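Trainee: Sending over a structure as structure tokens; questions will come in a sec.
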Amino acid sequence: MRLYELSFHEIEEFFYRLAEVRDVLKGDGYLSFLPELRTDLSPIQGTTYVKHAFPIFQKGGVVMDVTNVEQAGIAEEAGAVSVMVLDKLPYDVRKAGGVARMADPKVIEEVMNSITIPVMAKVRIGHYYEAKVLEALGVDMIDESEVLTPADEEHHINKWEFKVPFVNGARNLGEALRRISEGGSMIRTKGEPGTGNVSEAVKHMKIVNSEIRAVKFMSEEDRVKKAREMQVPYQLLELTAKLNRLPVVNFAAGGIATPADAALMMWLGSDGIFVGSGIFKSQDPLERAKAIVLATSCWEDPEVVLEAQKMISEHKSMMGMDIRTLKPEELMQVRGV
Amino acid sequence: MKVGVLAYQGSFEEHYLMMKRVLQERGGGEVIQVKRAKDLDVDAIIIPGGESTTIGMIASRLGLLEPLKEKITQGLPVMGTCAGAIMLSKDVVDAKVGKKNQPLIGSMNSSVVRNYYGRQRESFEATVDLSEIDGEKERFVFIRAPAITKVWGKARALATLNDVIVMAQEGGMLATTFHPELSGTTKVHSYFVEIAKK
């Protein structure tokens, strides 16, 4: 259990200060790209507070990629905190090539009706309308994901406009803070999806950690310069330095295939785990899913991780691939910076 | 005083910080994480928000569920928020898919409906009147929240929102369907410490 200096509410207060700025700017007729101010005190849905709170309840858990109702049932039985519905698992997206788009809404709806845990789905980077469709469908969270073919090479979705929370991938602190300043409610490492190789996720998590450490000990003028380089609001960088972590929930994703992989990412500071191809591209999905769930919540206890690791067989793990064998154009992590 | 937080999944770090602050204000005490049966040497325990299915499954797999159940039945004070309130309740159904077979503690005389308000789209923040516990009106979030639809026996409602029970107590057991650990007030946590000390 990690102890932080600021409570969730104090972090949210920061975002509402930004909302106050927006209110003033909007009143003055300027464009604003900031959270909405809550105005009345009646029950209200879809506020920044509500969107940032959702991922808190995913912490310590495993979100599993599924492609149909049957897999979703297995994920729920294994103790997943959410499922992510997609048309093809990242491994198959990689194999199939072509344009990868959001999953069939009918399939997503079937999954939503069959399980009690939250349901997430992916949209293409910058595809405002796939996101609008999924929001209308009522998914619990949207992943604006590099696994799918980007719809906009230049921009991400303005996520402040939505009532549904978003999760975004990031390879470094700049990417993470840019996504948060666009209204993202949760960050995950990009890793290299569909490879069964955890090395890129490790790399990305370590980069974020070391950049946060560096920012924490920087002088104020260097921090201002850093914020300019990263193209993020200075205040957001300041908050991150004070907190000594990202101001929203931060998961690991991309290449996690075994309980030990999951425990490693937790040890590096992840709040939880996304498993894509690792489960349903293995020969022992149910046992493996259960084992990864166990290792994720009890990562501090090597005995439990050992027990989890014993539940699966390395012979049944997905084969995985060396990142160095991928051509530059085959890398998914470079999409949407 | 030693307060444990069931720390498998969910808002355990948020409870940790809030409880730590409350104990500091009150002149000391310790907050520890509970994951295995050997960690159960505590004076009170918090079951956080999260996914009740996940928390129940891990607790049962690691052999914590039965000893925890026993301790709570014997009077260990417990606060359950959201998923924790579900774990404590004797009667649980899901608003959409009905009864599911999930590991629970089932010690409190209450009926709970999971996902009562709907999905994340229907999640909301609202002002709850804490006057029953000598508090003010405070702002809380309800995330895919359950509802306490009925209490009986010694259990009683402490707060309602539009006629739905959002906070209930039975002896040393305190359940909320909202999240005091994400709020700007430590009132609910300090109330729990008070009833735990009795």
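Glycine is no exception: its Cβ is also placed from the backbone N, Cα and C atoms.
Note: TrEMBL annotation is automatic and uncurated.
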Trainee: From the candidates A:Gly27, A:Gly194, A:Gly336, give the one listed by TrEMBL for the same D-ribose 5-phosphate site as A:Asp65, A:Gly255, A:Gly276, A:Ser277.
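Mentor: So the D-ribose 5-phosphate site in TrEMBL includes A:Asp65, A:Gly255, A:Gly276, A:Ser277 plus, from the candidates A:Gly27, A:Gly194, A:Gly336, A:Gly194.
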Trainee: Sort the binding-site residues A:Asp65, A:Gly255, A:Ser277 by C-alpha distance from A:Lys122 (active site, schiff-base intermediate with D-ribose 5-phosphate) and give me just the closest.
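Mentor: Checked the binding-site residues A:Asp65, A:Gly255, A:Ser277; minimum Cα distance to A:Lys122 (active site, schiff-base intermediate with D-ribose 5-phosphate) goes to A:Asp65.
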Trainee: Among A:Lys122, A:Lys206, the recorded positions in question, whose Cβ has the most other Cβ atoms within 10 Å in this structure?
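Mentor: That would be A:Lys122, with the most Cβ atoms nearby.
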Trainee: For a quick check of understanding: given the listed D-ribose 5-phosphate-binding residues A:Asp65, A:Gly194, A:Gly255, A:Gly276, A:Ser277, what is the maximum Cα-Cα distance in angstrom, as an integer?
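Mentor: Farthest Cα pair among residues binding D-ribose 5-phosphate: 12 Å.
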Trainee: How long is the line from the C-alpha of A:Lys206 (D-glyceraldehyde 3-phosphate binding site) to the C-alpha of A:Gly255 (D-ribose 5-phosphate binding site), rounded to the nearest angstrom?
Mentor: 15
Trainee: Which residues, same chain and not among A:Asp65, A:Gly194, A:Gly255, A:Gly276, A:Ser277, have a CB within 8 angstroms of the centroid of the CB atoms at the recorded D-ribose 5-phosphate site?
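Mentor: Along the chain, the qualifying residues are A:Leu89, A:Pro90, A:Tyr91, A:Val147, A:Pro193, A:Thr195, A:Gly196, A:Gly254, A:Ile256, A:Val275, A:Gly278, A:Lys281.
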Trainee: Which residue, of the binding-site residues A:Gly255, A:Ser277, has its CB surrounded by the fewest other CB atoms within 10 A?
Mentor: A:Ser277
